[in-house]
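Working notes for the structure below.
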Amino acid sequence: MSSGGLLLLLALLTLWAELTPISGHDRPTFCNLAPESGRCRGHLRRIYYNPDSNKCEVFFYGGCGGNDNNFETRKKCRQTCGAPRKGRPT
């Protein structure tokens with residue numbers, strides 16, 4: 001296969017991965033964890049996946065500790081945990 005063909009295949013696989021919804025069975029287990037502010041006293045606006053509402057929601061992170069259900073953007077939360085897009089910017 002030519003290098004152009006490989007690049008096309010890679011582009012198609014990347015697009016497919018972005019557009020394929022994540023089911024609850026494919027979702028990382030940390031997506032089901034409750035948000036944890038951690039042990040530090042910062043006040044950082046972060047996003048977590050809420051499995052009860054199937055949405056990425058805001059919480060405030062202290063800056064250290066916590067768990068992996070902690071994202072800087074809604075986009076990253078959606079990509080990782082599969083919440084539907086709400087039509088708002090990240």
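Positions of Cβ are set from backbone N, Cα and C atoms, glycine also.
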Which of these, Cys40, Cys81, shares a disulfide with Cys64 in Swiss-Prot?
Cys40
Quick check for the class: what is the C-alpha distance, in angstrom and rounded, between Cys40 (disulfide bond) and Cys31 (disulfide bond)?
22
With DSSP, how much of the domain 'BPTI/Kunitz inhibitor' (31-81) is helix, how much strand and how much coil, in residues?
10 helix, 15 strand, 26 coil
CB neighbours within 10 A of Cys31 (disulfide bond), counting all protein chains shown, number 20
Rounded Cα distance in angstrom between Cys81 (disulfide bond) and Cys64 (disulfide bond) is 22
Cβ distance under 8 Å to Cys77 (disulfide bond), same chain, sequence separation 6 or more: which residues?
Ile47, Tyr48, Tyr49, Cys56, Phe71, Ala83
